[in-house]
Amino acid sequence: MNEDKDKRDSIQMSMKGCRTNNGFVQNEDIQEQDPDSRDTPQSNAVSIPAPEEPQLKVVRPYAGMPKEVLFQFSGQARYRVPREILFWLTVVSVFLLIGATIAIIIISPKCLDWWQAGPMYQIYPRSFKDSDKDGNGDLKGIQEKLDYITALNIKTIWITSFYKSPLKDFRYAVEDFKEIDPIFGTMKDFENLVAAVHDKGLKLIIDFIPNHTSDKHPWFQSSRTRSGKYTDYYIWHNCTHANGVTTPPNNWLSVYGNSSWQFDEERKQCYFHQFLKEQPDLNFRNPAVQEEIKEIIKFWLSKGVDGFSFDAVKFLLEAKDLRNEIQVNTSQIPDTVTRYSELYHDFTTTQVGMHDLVRDFRQTMNQFSREPGRYRFMGTEVSAESTERTMVYYGLSFIQEADFPFNKYLATLDTLSGHTVYEAITSWMENMPEGKWPNWMIGGPETSRLTSRVGSEYVNAMNMLLFTLPGTPITYYGEEIGMGDISITNLNERYDTNALLSKSPMQWDNSSNAGFTEANHTWLPTNSDYHTVNVDVQKTQPSSALRLYQDLSLLHARELLLSRGWFCLLRDDNHSVVYTRELDGIDKVFLVVLNFGESSTVLNLQETISDVPTKLRIRLSTNPASKGSDVDTHAVSLEKGEGLILEHSMKTLLHHQKAFRDKCFISNRACYSSVLDLLYSSC
């Protein structure tokens, strides 16, 4: 019954124009096909609309809180107060950081320059390493051995004279200041060496001899003929010359003896020479000569060298009036005075104006020191000067001169004892101007080697002294292995035999010619002990001089006590020297005990330092077997030439104690903060 009714309704809807969507036609199309409603008779049929598609809403980015709402909330106390607190905390923090930075800069001591921070290594280039098999050391040979030098913890290489020279006075008679002597290589070799040295993080300084030139120098040859500006480049004076005999203008003597005046046949005058007659002195009262020397300084600095050792600077000026110098022995017949030591050299050395020249050289070097990390070092050689005169080379607080004059007091000691070492140390430290930096040498090319001068037993103790004294340690090549002088009696070289003894070839190994060269000959003979005293052998020996040297240089590099600390010289006797190294803020002290006597000795350190502990640990010893063990401070036993570095802690450092205050020295006062891990000077 119901089914019949549904069928009738469906038919009725169809008959009255109801349209259905079959799923393939859009509703809009169906509506367009609908008959006009006016033509369609009204009916009560129900029309079922199709479902509409949902419309998507466009989502816009969040534009933030409206300004009016923002102001409404921002003014509330719960937001305003935290905001203001954070703002002022930020401001205060910024000012605190700025203030702390400024304070650290103000209170921190000046950082050590490169020439202060580590040891220097002096090389006589003809004797270090031969690279081209001609029996002579050269620049390439030095470059080949840079790894060895680096392994010694060296920071600066110092090369002695390598300028073009006719071989007089070990190349200190320079024929051309801007050329490399061919025996050492070429300018390109030098440039390569400079680059290699800097690549290793090292610095390079070279010798410079401004006082004189070779008589082969073009300047002198032109001066002999009175050619233009060169006429007065040297010191000329009228003199009498007859029958091969010269009567000089005065009694001035050469360092090597006899008159310092030499007659020249070309110019018919005498020229002045403080050294050999082949080394005429330049006339530094001529401004043109001063400018020439400055140009030479600039030339080598532009090549990349990091500094100079200025040689023989006390001879730069002489008195104008040529007065005779006073005899040491006034009763001696004047004609018999021929030795340099027989006169007081008041008119030929350290004249007024000489230091002005040195300061002028310093200012020229400063033109190349303006770049960060490129400070140019200046050292001066001042042999045989009094301590007071030597210290003048440091300059003044407001006038810069040398960074330091080279200290050869230890290098010239012929007799070792506790007293002589103590006097050599105190004579420098007590006279050095405040704030200046000391340096120490135990050998050099102009002195006999340490082993031959005082004995091989003291090599280790002297190296320990070198690295534990305040200041810059300077090592002459071969001293790290205990090389000695050679024994020679007859040489073809045109030199004083005694001056050659400390210049023998470096002893690298026990092969032919000590590994110095592959040639069949060497310019000087090697030392006969090279089979046992050489680098290769000592590398493998725990008790060797080389191994101790490396340990000492490493300790010096790592310990602020040794580079920045106080030095307190406590006692000396005929055998020993005792001193401490200490620094405020570091809870340890190094107590150094060295025996320079001719026999063993026993020290009671309790008598010297009342509050020293009964037992002290050995940090480093010349006898490696005792390293790390303890010693009884009531009776410290030292063999001949033995040295100990003892480590302990002390509540009140010695430089604060009245009893020792006058015996303590420091160049730049500093204290250490372990909390901040920094040094500061306001202490």
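Each Cβ is built from the backbone N, Cα and C atoms, and glycine gets one as well.
Swiss-Prot names D281, F315, L316, E318 as Ca(2+) ligands; from the candidate set N192, N211, N366, N407, the record adds N211 to that same site. Per Swiss-Prot, the residue from C664, C671 that shares a disulphide bond with C568 is C664. In Swiss-Prot, the entry for phosphoserine among S10, S576, S610 corresponds to S10.
Between C671 and the candidates C270, C683, Swiss-Prot records the disulphide bond with C683. Of all the Cβ atoms in the protein chains shown, 20 others lie within 10 Å of the Cβ of C664 (disulfide bond). The glycosylation sites listed here (N211, N258, N510) include N211 as those with a Cα within 10 A of the Cα of D281 (Ca(2+) binding site). According to its DSSP assignment, C270 (disulfide bond) is in a strand. Residues within less than 8 Å, Cβ to Cβ, of N329 (N-linked glycosylation site) and separated from it by at least 6 positions along the same chain comprise E342. Apart from N211, D281, F315, L316, E318, the residues listed for Ca(2+), the same chain places the Cβ atoms of H212, Q274, L282, F284, A312, K314, L317, T348 within 8 Å of the centroid of those Cβ atoms. Geometry remark: C664 (disulfide bond) versus L316 (Ca(2+) binding site), CA distance 36 Å. Among the binding-site residues listed (F315, L316, E318), E318 has its Cα nearest to the Cα of C270 (disulfide bond). For F315 (Ca(2+) binding site), the same-chain residues lying six or more positions away in sequence with a CB closer than 8 A to its CB are N211, H212, Q274, D281, T348, T349.
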